[in-house]
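Below are the features I grabbed from TrEMBL:
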BINDING   Arg97, Arg107, Arg135, Asp220  substrate binding site
BINDING   Asp220, Asp244, Asp248  Mg(2+) binding site
BINDING   Gly277, Ser278, Ala279, Pro280, Asp281, Ile282, Ala283, Gly284, Leu285, Gly286, Ile287, Ala288, Asn289  NAD(+) binding site
DOMAIN    5-349  domain 'Isopropylmalate dehydrogenase-like'
SITE      Tyr142  site 'Important for catalysis'
SITE      Lys188  site 'Important for catalysis'
Amino acid sequence: MKNYKIAVIKGDGIGPEIINEAIKVLEVVAKKFSFTLTFENYLMGGIAYDLTKNPLPDETIEGCLGADAILFGAIGGDKWDNLPRELRPESGLLRLRKSLEVFANFRPTKVYDELLESSPLKKEIIKGVDILVVRELIGGIYFGTPKGREKNRAYNTMVYSVDEIKRIAHIAFEAAQKRNKKLCSVDKANVLDVSQLWREVVNEVAQEYPEVHLSHMYVDNAAMQLIKDPRAFDVILTENLFGDILSDEASMISGSIGLLPSASIGGKSAIYEPIHGSAPDIAGLGIANPIATIASASMMLRYSLQQEKAADCVDYAIQATLKEGYRTKDIASFGAKKICNTQELGSIIAQKILD
Ligand code: NAD
């Protein structure tokens, strides 16, 4: 029987609560599809700082490098906000991504019919939305040099090499090929040199994917079009900073931050995590929505473990649970039959896998 080693980072705040539900679901689906999972816990974030004075201990990096995939909860919280930048939980996360060389971040936004009313946008605009944002994750202005602060000025550098653009473009074209074969590359080529290079390289890579329809859009227009007509998009390819902003914008189309998963892939191992943070305001209350983390576990089954049927089964179980009106508090007012706590919703989704 195939066994996979999963490095688990529960992290801070609601991290442990939501990860426990994802593991519950994974154990059930593994049994159903006849494979096994070995979960190994590693410290990271605020809790790692409290216990080891390091937000990303070496042991965690080694454990992640040796795993088939990484399931990640969330890190951070007010308690650690005043630490020097290199000791803050968020620095640990950037270092982990860089150590694993996960250069491609996938953020799907799918609108569940059952939750059409939960979006701030009109349902006629969002019904059927299914977008995948592919964001470059370890380059661009977040990592470029020179960067620094002087007394009266500060600066960062947006820099991309041809190879960095090529590798993320290939990932995005391959994803588009498996979906609706539409790729929109977002840049600011009317102003930025780095965007002009981005556009040229994306056009060159496009020659290898003749069946994918490529378009280009300036980032300011993309921000507008995402709200005006989100159904026009299939796959959006963009660089690190633009992707950070656009993927958060796209996520709100679905209604709750508690619903959306992500995958960071392309490197030595892949990280699967909800798009939200550690939600310290609701930690320990048992009301966190575990769906984003369970959907991240489904992406892990699909992309890292090649267990497509198991992934489909988890996605179906989430949808069936929502269809029957089970909700956590954050999505409570929309067609709710029963308001569940975190554990109850996780158990209902796990049960649906067995039904
Ligand atoms: P957040 O995403 O943690 O919370 C924003 C709001 O959404 C809060 O009201 C929260 O209660 C709610 N929320 C988030 N997840 C939810 C869920 N699953 N179910 C129900 N409600 C949910 O963002 P924030 O408050 O800006 O950040 C809190 C901490 O998380 C900060 O320290 C931040 O740096 C960190 N953070 C970590 C990550 C990560 O681990 N990848 C990402 C973003 C923020």
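Cβ coordinates come from backbone N, Cα and C, glycine included.
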Reduce the DSSP letter at Ala279 (NAD(+) binding site) to three states and note it down.
coil
Can you tell me how far the Cα of Leu285 (NAD(+) binding site) sits from the Cα of Arg135 (substrate binding site), in Å?
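With distance taken Cα to Cα, Arg135 (substrate binding site) is 33 Å from Leu285 (NAD(+) binding site).
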What binding-site residues among Arg107, Asp220, Asp244, Ala279, Ile287, Asn289 are found with a C-alpha within 10 angstroms of that of Lys188 (site 'Important for catalysis')?
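Within 10 Å Cα-Cα: Asp220.
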The record lists Gly277, Ser278, Ala279, Pro280, Asp281, Ile282, Ala283, Gly284, Leu285, Gly286, Ile287, Ala288, Asn289 as binding NAD(+). What's the largest Cα to Cα distance among them, in Å, rounded to a whole number?
16
Cβ neighbours within 10 Å, counted over all protein chains: which one of the binding-site residues Ala279, Ala283, Leu285, Ile287 has the most?
Ala279
If one measures from the C-alpha of Gly277 (NAD(+) binding site) to the C-alpha of Arg107 (substrate binding site), what distance in angstrom results, rounded to a whole number?
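Computed Cα spacing between Gly277 (NAD(+) binding site) and Arg107 (substrate binding site) is 15 Å.
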Given the binding-site residues Arg97, Arg135, Ala279, Ile287, tell me which ones have a C-alpha lying within 10 Å of the C-alpha of Asp244 (Mg(2+) binding site).
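Of everything listed, what lies within 10 Å of Asp244 (Mg(2+) binding site) (Cα to Cα) is Arg135.
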Compare the C-alpha of Asp248 (Mg(2+) binding site) with the C-alpha of each of the binding-site residues Arg97, Asp220, Asn289, and give the closest one.
Asp220
Of Tyr142, Asp220, Asp244, Asp248, Asp281, Asn289, listed as recorded positions, which ones have a Cβ less than 6 Å away from ligand 1?
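The ones that qualify, in sequence order, are Asp281, Asn289.
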